[in-house]
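*Asks:* The structure's right below; bear with me while I get my questions together.
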Amino acid sequence: MEIWVSQVFNGLSVSSILLLIALGLAITFGLMRVINMAHGEFIMIGAYGAYMTQEIFRSTLPKSLFDAYFPVAILVSFVIAFAIGYLLEVTLIRFLYGRPLDSLLATWGVGLMLQQLARSIFGAPNVAVSSPSWLDGGMTIFSGVVLPYKRLFIIGLVALCLVAMYLYIYRSNAGRRMRAVMQNRDMAACLGISTRRVDSFTFAIGSGIAGIAGCALTLIGPIGPSIGTYYIVDAFMVVVLGGVGKLVGTVAGALGIGVFNTLFEWWTDASLGKVLVFLCIVAFLQWKPMGMFAVRTRSLDN
Amino acid sequence: MLTSAILPRRVWLLIGYAVAAAALFSAPLYLSDFRLNLLAKCLAFAIVALGLDLLWGYTGILSLGHGVFFGLGAYAMAMHLKLVSSGSRLPDFMDWMGLTKLPWFWEPFKSFAFAALMGIIIPAVLALVLGFFTFRNRIRGVYFTILTQALVIITVTLFVGQQAYTGGTNGLTGYTKMFGYSLKSDTAKTMVYLVTVVALLLSFLLCRYLVKSRFGKVLRAIRDGENRTRFLGYDPSSYQMAAFAVSAGLAGLAGMLFVLHVGIVSPTMMAIVPSIEMVLLVAIGGRGTLIGAVIGAVIMTQAKSELSASYPDFWLFFLGALFIVVTVFLPGGIVGLIRQLRQKLTRRRNENDINLNSIVPESNGVV
């Protein structure tokens, strides 16, 4: 019983991280159809954003204020990743719309350069971000099962991001403009929407969320220049499994992969578990090739 | 063109190919050992690039999983070499991992013929199976690409994880002989090089035959309009599977040769980064032209060896920039650039015998 609860909790925790990473992809890949392989590097940027915030807090502010750095770090990570994402869209991505495979290769190149840049600025070894003291310890639900506050905090943070994204996409004017552009670009332009501005803003938001994900990852372990590559493929699998273009698909995909990954790894071992998850995904795609929640369309070559 | 006034283009091309082949065959005479080894590696990569080009340039399917097929071929050959070098004893890493008996699936690799055959068949069958489960359901474009990338991740994890059977992170190394000859001797090196040249030539001819045939026409038709091809009565998925399998088989062949040149195989050789670098070889040379794939492989592998040794930091920046420049500014690669220049020189723009846009599809399937 205890072990089941803690395994499921572990699964949820892995899912929440996957979801946070995949949320950004759901925007850039799901809505804009750009395969952003540099997404992992935006995670890295966010993580180093948190690291820099910590260092600044440590060197300039009194010790008593140090614990307050984390909320600030989340904001800083978002803003930095947002800005770099905006820059990337304006300089490169806009030439790649409608060429998903080319966008994949080009952004892979961007990712390589960003990684190398991080290596030259921060050095190749991993750096540690010490988490604030109010996240130490855990909640004991019954004897033997402790839910660490850090993991709970990440789950909460992801839920918050999810709600914010939902409100932004489906309930705000900017979100409505975004959906309009993604559904029918020409019509949206005719109705007076600046499609260029929407494009850059959308991409930047996707990148910004990756920044938050990076910030959250600092709670789990040390960070390094290639931290993003570890998660990126899993996150893409989440989007593919969940189906493109709908938030609920991303949530379901992340939950599916996260929970099953944990369970399979528990039943077999880490390497076989991954293989089983992959086989399950391929098997699932036999049944629903477009993922769990595909946007229905009648067009053939959408 | 001036030249075409004297001899038709076909003849010039033929002469060019003959000169290139002669230069490759005679390379052991004028290249140092180090250079020869490097060239051999280039040629091995050229074989992968040919296969990838068949798949990406001609069929419009981007696979980021060719490192796996390359690696499987490499492992098949390495298993044979390891067994031969260990003689009657158990391979050393199995000893360390506490195995007492050779695993059953290692047993047949004692035979060279079996290993060489498996080095091509295993990748091809794996590709066929994966292709069967994806193309038949019309999973294509970026979805397929992402799945191949996942294939890379799980294969690498599996090979690292099953240390007792695969040698884990260290891979398989320390082979000394083959057919009773020492692998370190100069004659062995020259022989292995010449075998690579022959393999490359045969692969080139095979791909050339495939793309010139009706099969190749259907492949291009699928690239440019999968559904149209379907409505014309073809079954795109079987063609895609065939192209994928041939491509994977070629990658396996290249992997086998590569092991002979470098003397080691490890999971890093089939990870994500090498896989995507293989794609870059094709992109640089020019996708959709076979010779482009070979040129790209030779130039890039040379450049990597020169630059990454002397400027390791700069190399990654350069590689990253190359990805961006090629996809944004040079979708036709080097061959495309040459064609463009030649078109400008001869100013025959109105004749549409060489239409650049037809070489590179604007979008590859999805979107």
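Cβ coordinates come from backbone N, Cα and C, glycine included.
No curator has checked TrEMBL annotations; they are predicted automatically.
Copying in the features that TrEMBL gives for the protein in this structure:
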- B:12-31: transmembrane segment (TRANSMEM)
- B:64-84: transmembrane segment (TRANSMEM)
- B:112-135: transmembrane segment (TRANSMEM)
- B:141-160: transmembrane segment (TRANSMEM)
- B:191-211: transmembrane segment (TRANSMEM)
- B:241-266: transmembrane segment (TRANSMEM)
- B:278-302: transmembrane segment (TRANSMEM)
- B:314-338: transmembrane segment (TRANSMEM)
*Asks:* Where, among B:112-135, B:191-211, B:278-302, do we find the most CB pairs under 8 A to the transmembrane segment (B:64-84)?
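*Replies:* Most contacts with the transmembrane segment (B:64-84): B:112-135.
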*Asks:* Same chain only, please: residues at least 6 beyond the ends of the transmembrane segment (B:241-266) with a C-beta under 8 Å from a C-beta of the stretch. Say none if there are none.
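*Replies:* Sequence-remote neighbours of the transmembrane segment (B:241-266) are 37, 40-41, 43-48, 50-52, 54-55, 58-59, 61, 63, 66, 69-78, 81, 116, 119-128, 130-132, 135, 167, 169-173, 175, 178, 183, 192-193, 195-196, 199, 203, 206-207, 210, 215, 219, 278.
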*Asks:* Against the transmembrane segment (B:191-211), which of these stretches has the most C-beta pairs under 8 Å: B:12-31, B:112-135, B:141-160, B:278-302?
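*Replies:* Highest pair count goes to B:12-31.
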*Asks:* What parts of the chain pack near the transmembrane segment (B:141-160), using Cβ distances under 8 Å and only residues at least 6 beyond its ends?
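*Replies:* For the transmembrane segment (B:141-160), the sequence-distant neighbours (Cβ-Cβ under 8 Å, at least 6 residues beyond its ends) are 61-65, 67-68, 71, 75, 130, 134-135, 166, 168-169, 267, 270-272, 275, 364-367.
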